[in-house]
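Listed features, source Swiss-Prot:
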type: BINDING; residues: Thr235, Ala236, Glu237, Glu289, Ser389; note: L-serine binding site
type: BINDING; residues: Arg266, Ser267, Glu268, Glu353, Ile354, Ser355, Ser356; note: ATP binding site
Amino acid sequence: MLDPKFLRTELEATAERLATRGFILDVERLSKLEEKRKSLQMATEELQASRNAISKSIGQAKAKGEDVAPIMAQVGDLGSQLDTKKQELAELLETLNAIAMSVPNLPDESVPAGADESENVEVRRWGTPKEFNFEVKDHVELGETLGGLDFKAAVKITGTRFIIMKGQIARMNRALAQFMLDLHTTEHGYTEAYVPLLVNEESLLGTGQLPKFGEDLFHTKPATEEGQGLSLIPTAEVPLTNIARDTIIDEADLPVKLTAHTPCFRSEAGSYGRDTRGLIRQHQFDKVELVQLVKPEDSMAALDSLTGHAETVLQKLELPYRTVVLCTGDMGFGSSKTFDIEVWLPAQNTYREISSCSNMQDFQARRMQARYKAKSAKKPALLHTLNGSGLAVGRTLVAVIENYQNEDGSITVPEVLRPYMGGLEKIG
């Protein structure tokens, strides 16, 4: 969430910056609520001071042998008024907090202005798409012919947007995840973590999935008097980042760099009719996630390095890709700046997103109270958090199958994956 003090003191400027990402902040309503908050705060403090002053006079009256009943009645009346004002203030603060939780992050000044994905800006390309001398097939046809992708069985068992992988295709899927983890932990300095696949509401609030995107989640257990509800993770970003919730990290221990390979679960509530064929958009998919916790002054450089770590996976797999910076109107809710990496898919004759790398600055940290303490500082300060896919395993599998296909329908195994597949050079 945004800094409440900044919202109060820079309301008009905040509204202007939010408008660039298509979010209309109700300035008039917020101004009125803020005036009411000030009024209630002042009234509460005045009533508290009056009650304290009169309460002190009770002892003095008793010492003089005076009747304290009128004073006691006055104190009681002030107490009732104070309780009423406190309740009004608490309800108002709850309203203000709910509004603050619904406001997206401010775009960084370096983010290009734009309304939607058509105004994203390409920043670089790597590799040249292969020219095939035969008609290319998509991953669905190739995978089904090889007996490695079974969509029909998945539909029978669960429903649409699920997959059963078998044989060497399943092995390649596993090999990709292992390769990514080994790369990030041995060459990029990340610590591997094994995390829960179920998280509570406080964790989802911390990383920004709640309250706005509840319909995108798979909820497994509703909230009760005994505890919070539980939901399946949409990304390992949620448990990895929440490790820092309500903690103070020593400056000497920064940056914190974590990675995890997990299944991810998304309802794809707003994606009806999109990418209905194949593995591109599934309810359950594997992903290797990258998370960094850094000092504020280091976060933009960290975004560049994190994006580079994700790109390295594609470079080692020799898959052509391009990197774009998202414009203000296409960024995610909690992001201040995002780079999307798009891999070349021959069957679609286009680049498709395979990773999204974002700097959240202190947006998540404020929600989670994730802080660090510098030696020279008197008080802890909020961390900056970053996250990105390194990579989405299923989409990487799609890219490998399509880019490494042969005319006879077989798939050449990329050299970097062969050690993970017992030296296998070809599937089929």
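Just so you know, glycine gets a Cβ as well, placed from its N, Cα and C.
Projection of Swiss-Prot feature records onto the structure.
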residue : record                : Cβ contacts under 8 Å, 6 or more apart
Thr235  : L-serine binding site : Cys264, Lys287, Glu289, Asn387, Ser389
Ala236  : L-serine binding site : Val195, Ala260, His261, Thr262, Cys264, Lys287, Glu289, Val291
Arg266  : ATP binding site      : Asp216, Leu217, Phe218, Pro234, His283
Ser267  : ATP binding site      : Glu215, Asp216, Leu217, Phe218, His283
Glu268  : ATP binding site      : Arg161, Asp216, Arg274, Arg281, His283
Glu353  : ATP binding site      : Asp340, Ile341, Glu342, Arg395
Ile354  : ATP binding site      : Leu314, Tyr321, Ile341, Glu342, Val343, Ser389, Leu391, Ala392, Arg395, Thr396, Ala399
Ser355  : ATP binding site      : Ala310, Asp340, Ile341, Gly388, Ser389, Gly390, Leu391, Ala392
Ser356  : ATP binding site      : Gly332, Thr338, Phe339, Asp340, Ile341, Gly388, Ser389
(request) Express in Å, rounded to the nearest integer, the largest CA to CA distance found among the L-serine-binding residues Thr235, Ala236, Glu237, Glu289, Ser389 named in the record. (result) 9
(message) I want to check the contact list for Glu237 (L-serine binding site): same chain, sequence separation of six or more, C-beta distance under 8 angstroms. What comes out?
(response) Thr207, Glu289, Val291, Asn387
(request) List, in sequence order, the residues of the same chain other than Thr235, Ala236, Glu237, Glu289, Ser389 whose Cβ lies within 8 Å of the centroid of the Cβ atoms of the recorded L-serine site. (result) Val238, Leu240, Ala260, Thr262, Cys264, Lys287, Val288, Leu290, Val291, Asn387, Gly388
(request) Starting from the Cβ of Glu289 (L-serine binding site), draw a 10 Å sphere and report how many other Cβ atoms land inside it. (result) 28
(message) Applying a 10 Å Cβ distance cut-off over all chains shown, what neighbour count does Ser389 (L-serine binding site) have?
(response) 26
(message) Helix, strand or coil by DSSP: which one applies to Thr235 (L-serine binding site)?
(response) coil
